[in-house]
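Among the features that Swiss-Prot reports, region 'Disordered' is placed at 222-254. Positions annotated as zinc finger by Swiss-Prot, on the basis of sequence analysis: 35-63, 64-91, 92-119, 120-147, 149-171, 189-206, 266-283.
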Amino acid sequence: MDILLANVSGLQFKAERDLIEQVGAIPLPFYGMDKSIAAVCNFITRNGQECDKGSACPFRHIRGDRTIVCKHWLRGLCKKGDQCEFLHEYDMTKMPECYFYSRFNACHNKECPFLHIDPQSKVKDCPWYKRGFCRHGPHCRHQHLRRVLCMDYLAGFCPEGPSCKHMHPHFELPPLAELGKDQLHKKLPTCHYCGELGHKANSCKQYVGSLEHRNNINAMDHSGGHSGGYSGHSGHIEGADDMQSNHHSQPHGPGFVKVPTPLEEITCYKCGNKGHYANKCPKGHLAFLSNQHSHK
C-alpha cells in the first residue's frame, strides 16, 4: 500500500547520503585507539585503498589479503590496530586451527573460538593408488579412494575432458614432493670398520673376528703367558712412558695387539735401575735420592 500511495524507491535522502559518505566522522584524537566495536570504513571497502583520514579514521579498515583472524584481537590485546597483518573481524571460516583438536583430536572447551578441522579431511590421496597399485595396501597412511575407470580415456580419448565423472588415471611416476618419508627408498647403512654397504660396524664379520682374536691375546697375557713377570694393567700404565719408544715402530691395523716391553728393558724413573716398574721400586719413596747420588 505504501508503494502505491507514496513510492520513494527512486529518492535518496540527505541522511542516507551522509551515512554513505561518512559525513561528521570525527578523526581519532590518538593513534592506535581500539576500534574493535566500530563499523567498517566504506571507502576502503569500496576503493580497496586507505581513506583520506588514514590511521586517524574512526572506522575499521579491513583488507582482503588478511585471511586469518588475529588471535590477540579476539582477546582485546592487539596493539597494531589497522597495521596488523591479521584480520580484525570474527569469521569462523578464517579462524586459526585449534591446537588441542589438531594435536590430541579433542578439545574440551565448549566455547572454543578456533577452528576444528576433521583429521580425515587432511589425509591426502595416495599417488600410487591413483596410478593403479599401492604396496602398502590398507596400512598406507594416505587415502585410498575407489573410483570408476573411464573406458574412453583408457581407449585413448575422453570427450568430457577434466569434467568427466569417471577416473582418468595417471601412469607417470609420482613426484618426490607427493611421496612420504616411508615411501622413499631407505639409504643403505655403511660399515665404519670395513667400508662396505649393507651392514653396520657392530654386525661386521671382520670386526667380530678381530675382536675375538684380541680377546684371546689379552686372556693369554693375564694368565702369565709372557715371560718376565708382566704385572697386568697396573704395570702397563706405569710403564707407558717407556713403551712410547716402540709405539711408532710397531704397525697398527685391525685386530693388532701391541706386545708389552720385556721387564728387563723397563727403566724405573725413581731410582734409574732396570728390571722393575716405579710402583714396585724396592727403595721406596726415597728412591729419587739414590738416583741423584748415582748421577753425581
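Every residue gets a Cβ built from N, Cα and C, even glycine.
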Helix-strand-coil residue split for the zinc finger (149-171), DSSP-based: 8 helix, 2 strand, 13 coil
Statement: Across the zinc finger (64-91), DSSP yields 7 helix, 2 strand, 19 coil
